[in-house]
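Quick notes on the structure that follows.
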């Protein structure tokens with residue numbers, strides 16, 4: 001099933017990506033080619049095969065529930081897009 | 001001086017033939033003069049390099065020694081470096097100075113390595129040609145009209161151009177091994193979990209792994225020694241002891257069982273590369289190895305499965321770039337959705353956007369089983385193939401790539417054509433196995449690599465085989481004209 005332009009608009013919305021209208025036909029074509037390649041998977045018999053998420057099948061390690069992070073405020077202030085008087089500035093669109 | 005390997009530099013520094021400061025100045029001058037032709041660096045860190053070099057010289061004057069003490073290296077620009085731009089090759093992070101050092105960076109700095117700069121790469125490590133960088137394409141020193149491979153193309157081109165002896169790199173689907181093959185270097189992707197991913201900007205977290213790029217296996221052993229080891233900061237780091245990689249380099253290959261998968265020699269492989277692979281097999285046979293034909297029947301399914309798993313993980317990982325907390329922010333957003341969409345639409349390049357969308361689609365309601373779960377099942381089939389093969393053989397050998405480096409622009413706009421070039425490297429990432437590429441000859445003046453794969457945590461075995469091969473061949477010593 002090939003993606004339509006409207007499908008790509010929906011996927012872009014899910015991914016919070018603003019696409020240019022002019023690029024949509026090209027993007028739709030590229031995604032359809034990639035999904036065509038990916039669809040070759042459907043011919044593989046995987047009956048009874050368990051999915052593999054971690055190559056060594058390790059599970060997540062746990063650690064003691066104690067504070068290990070130090071305060072990096074200065075470093076974070078220095079890389080923020082905009083700061084003023086030690087505060088982080090964000091556009092007014094955020095309540 | 002720029003021709004010296006890491007091993008030779010360590011001896012020269014120990015014998016006081018030159019200082020790290022002299023070496024660092026020489027290499028920085030060489031980069032300033034020649035890198036405009038290659039574009040292998042995104043940032044140079046001259047001040048840091050000179051202070052690290054002086055500190056290393058002082059430590060040596062105090063009687064300290066160490067294979068990396070005073071050795072010049074560079075980091076792929078996705079390893080976080082405190083106070084230094086860490087761009088990931090993206091407009092999204094052009095203004096990002098990391099607030100901390102990656103574990104790989106801090107370990108190598110503690111060992112006394114000198115950081116000359118941050119190397120160019122495909123945007124967010126998504127690419128096989130280093131053409132998708134926001135900072136422009138990297139040129140292959142062997143032929144400046146050709147790609148150096150990717151995504152660690154800047155690290156590879158810088159080492160190939162003799163700007164420095166070794167560099168860090170990362171490999172998600174072949175991004176260390178393929179550029180190594182394209183630029184006549186030795187490159188090693190370690191076992192998943194061997195090298196810490198903490199501070200390494202994530203592309204596909206279950207596949208990403210850092211490793212060394214250098215001219216020789218001996219140097220890869222030295223650099224890997226400084227990078228590898230358990231890190232409690234990385235929840236997927238494996239707590240296994242790190243062997244002495246240099247100590248096992250000289251083990252005899254007598255009786256070594258090398259498996260050659262018959263599936264590797266199908267129609268897609270350039271016959272001239274096939275011939276060079278067979279020559280390398282003959283060379284290893286002379287050294288005592290025993291060759292056996294094996295089968296990896298699910299090899300052909302790796303690319304489709306990879307292009308679900310990697311984009312799915314990428315779409316999740318890259319959701320952190322929202323224009324709010326750090327990185328690129330669009331001008332004058334009219335509401336929150338506009339801020340997100342335009343910051344991401346303007347900050348990410350075309351290939352990154354494609355992969356995010358493929359991943360978002362594969363993970364979306366109604367498609368998860370058909371795509372992501374199916375791909376994970378194929379992933380197990382691929383791992384099972386390897387486990388069966390390693391019952392019979394010690395290492396697996398084949399071509400690293402089906403073709404030599406292509407011309408810059410030749411595959412632009414055709415992502416599939418580029419994806420298919422990763423045919424031989426992707427399986428090691430899906431299975432989490434260590435893999436190495438080593439120089440094995442030339443086709444039309446362009447380097448060709450041979451890939452070796454081994455069971456989990458057998459990096460030492462790969463380095464041993466490559467080192468013995470390099471003691472008996474001289475492909476890895478060839479220098480590109482003009483460098």
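In case you wondered, yes, glycine gets a Cβ from its N, Cα and C as well.
Annotation comment: TrEMBL describes B:22-463 as domain 'Amidase'. TrEMBL lists B:76, B:151 with the feature active site, charge relay system. Residues or ranges marked as active site, acyl-ester intermediate in TrEMBL: B:175.
Location within the structure of each feature annotated in TrEMBL.
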| residue | record | Cβ within 10 Å |
| --- | --- | --- |
| B:76 | active site, charge relay system | 31 |
| B:151 | active site, charge relay system | 35 |
| B:175 | active site, acyl-ester intermediate | 36 |
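Cα separation, residue B:151 (active site, charge relay system) to the residue listed as 'active site, acyl-ester intermediate', rounded: 5 Å. Under the DSSP three-state reduction, residue B:151 (active site, charge relay system) is assigned to coil, being neither helix nor strand. Taking the Cα atom of each, residue B:76 (active site, charge relay system) and the residue listed as 'active site, acyl-ester intermediate' are about 11 angstrom apart. Mean predicted confidence for the domain 'Amidase' (B:22-463): the pLDDT average there is 97.
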